[in-house]
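Student: Pasting in a structure now, in structure tokens, and then I'll have a few things to ask.
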Amino acid sequence: MLNVVYAEIIKLKHTKIYWLILVALIPVCLWSLMAVSPKVGPDGTIVPLDLQELFYRQGMIVTILGPLLFSLMTGYVVAREYQERTINQLFSYPVSRVSFLFVKLLVVWILISITSILSFLIVVSSTLFVIHQLDLTTVLLGLKMNLLICVLSFGTIPVAAAISMVWKSVIPTAVLGGGVSLIAAICELGHSMDVILFPWLTPYWPVRDLAQGLAEMGPNPYVIPALVILIVTFVVSLGFCIFYYTRADVHSGT
Amino acid sequence: MNYVLQTHQLTKQYGSHAIVSDLNMNVKAGDIYGFLGQNGAGKTTTLRMLIGLIRPTSGEFELFQESFHGNRIKALERIGAIIEYPGFYLNLSAVENLEIHRRLMGIGNQESIDEVLTTVGLFDVKKQKVKHYSLGMKQRLGIARALLHRPELLILDEPTNGLDPGAIREVRELFLKLAKQRGITFIISSHLLSEMEQVANRIGIIHKGRLLEEIDDKTLQQKTRRFLEMKVDDDQRAAYVLEQKLKVTDYQVAGTGILRIYECLDQTDLVNKTLTDQNIGVKEIVLSRENLEDYFLKLTGGDKLA
């Protein structure tokens, strides 16, 4: 199984997929730069750097761009086998098709994690650079938020995978991701608690928990139904992927 | 008999349209089996079924004397294949592509990559990205990949597509060498009769999804008749003279000015003299034999290969 994982990782060498991670990191870097620059309050005093606020904004950036970027990553990993006509070869290896599917999803999860963790590290390192100290409790809150983003963002990945394998192209997945990112941006800027019911916005739940000064504060009452919806989305779409990947005839490499 | 592959009533249908019907194919160990048919005859669909890319609608098959159904993984470990087009990750080099194959086939020996690249003549460009390869180079890399794990059975779908005549000859010699030295069994599909004639020791002829005949090279020799082919200046008069003077009845006009006589094969001088005596110009007489193409045309009722 390790060989299958390693083979899947080799396939990403010299690809532009890493640029997608960079696309998410650039806004985080810019935001960090802006946030660490000295600010003057209304009374003329310097406002101290707020690490929690930094993490909140970083989480927002990742959860708004995530649907687009993570869909593109999934689309690329799954659909390229059809587009580059390597699917014939892939399915003639003595490895079950389900193993290939799981490994591809694992690789997407690794890419999501790299995106999230790197953006977390940017926030931490830029804070260290400015004030040379860290509040460990807030850092742990930020880490927890990012880990939850990784897990919750993965919930909708099988949907993108299913679309990629049925259409055998990355374009429908990109359209889906772009549309959802737009919805995410509108919803997250509204700061409403119930937006997390939309499965692609469930990762906003741990982000919103770090927000300060919003009209609605406290524990989010929609967490349980949101998680149920996300799990159902995950299970149903993964089930479809397994069925499609294992049952479908492979024709002409497309 | 040690069969590497046997299919039983193998059928693939899409709706009411049968692509492959009741195919009974038998490939023995060590065979170079030429799978011959026109484009669209059902060759690729059959080969896809054999490596599990598509499911048969009905029928079954055995690879290495075990049912493929339920033994897919075990069977695929012993097979190398190129189906239709040798697909590669274009962003990677030849070595990296073969490294993926090596890992997925669970081969420990990394040196085997250099070995197969040398065999197919790509060692010097092994670090070049595959996107810069020509179709012929990709075909050769496909063959290298199919050989890397030392398979017992190679299934190759039109393996000489895109190769220049020199490379076709090299590949043909490679197949013959591998069959002889390593005892690899080959199933090679093609619509090129001449190619099959030169490499295959058994030929299966598929037409409109049905396997019309399986024939080995010796039987083919026996079934294909010898004849005298003559180029004359007036085929009508020549035919008349042959009938009247030499009582020849088994002949055919194979084209303008071309006669094929299936009698008097050892009387070339008499045939020549009889015709020239009647002032019929004879430009050429050659003793020849029907080839695979003639045989194919007879079997398929005259449908030429694409």
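Backbone N, Cα and C atoms are what each Cβ position is placed from, and that goes for glycine too.
All annotation found in TrEMBL is predicted automatically rather than curated by experts.
Take a look at what TrEMBL says about it:
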| type | residues | note |
| --- | --- | --- |
| TRANSMEM | A:17-36 | transmembrane segment |
| TRANSMEM | A:56-79 | transmembrane segment |
| TRANSMEM | A:100-125 | transmembrane segment |
| TRANSMEM | A:145-167 | transmembrane segment |
| TRANSMEM | A:174-202 | transmembrane segment |
| TRANSMEM | A:222-245 | transmembrane segment |
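Can you tell me where each of these features sits in the structure?
Tutor: Taking Cβ pairs closer than 8 Å, the transmembrane segment (A:56-79) reaches residues 8, 12, 15, 17, 20-21, 23-24, 27-28, 31-32, 35, 104, 107-108, 111-112, 115-116, 119-120, 122-123, 142, 145-146, 149, 153, 156-157, 160-161, 163-165, 167-174, 176-178, 180-181, 184-185, 188, 200-201, 203-204, 206-207, 210-212 in its own chain, all 6 or more past its ends.
Within the chain, the transmembrane segment (A:100-125) has long-range Cβ neighbours (under 8 A, six or more residues past its boundaries) at 1, 4-5, 8-9, 12, 17, 20-21, 24-25, 28-29, 32, 51, 54-55, 58, 61-62, 66, 69-70, 73-74, 77-78, 90-91, 134, 139, 142-143, 146-147, 149-150, 153-154, 157-158, 161, 238, 241-242, 245.
Residues of the same chain lying 6 or more positions beyond the ends of the transmembrane segment (A:145-167) and with a Cβ under 8 Å from any Cβ of it are 55, 59, 62-63, 66-67, 70-71, 74-75, 78-79, 82, 101, 104-105, 108-109, 112-113, 116-117, 119-120, 173, 176-177, 199-200, 202-203, 205-207, 209-210, 230-231, 233-234, 237-238, 240-241, 244-245, 248.
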Student: Six or more residues out from either end of the transmembrane segment (A:17-36), which same-chain residues have a Cβ under 8 Å from its Cβ atoms?
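Tutor: Distant Cβ neighbours of the transmembrane segment (A:17-36) are 49-50, 53-54, 57-58, 61-62, 65-66, 69, 72-73, 76-77, 111, 114-115, 118-119, 122-123, 126-127, 129-130.
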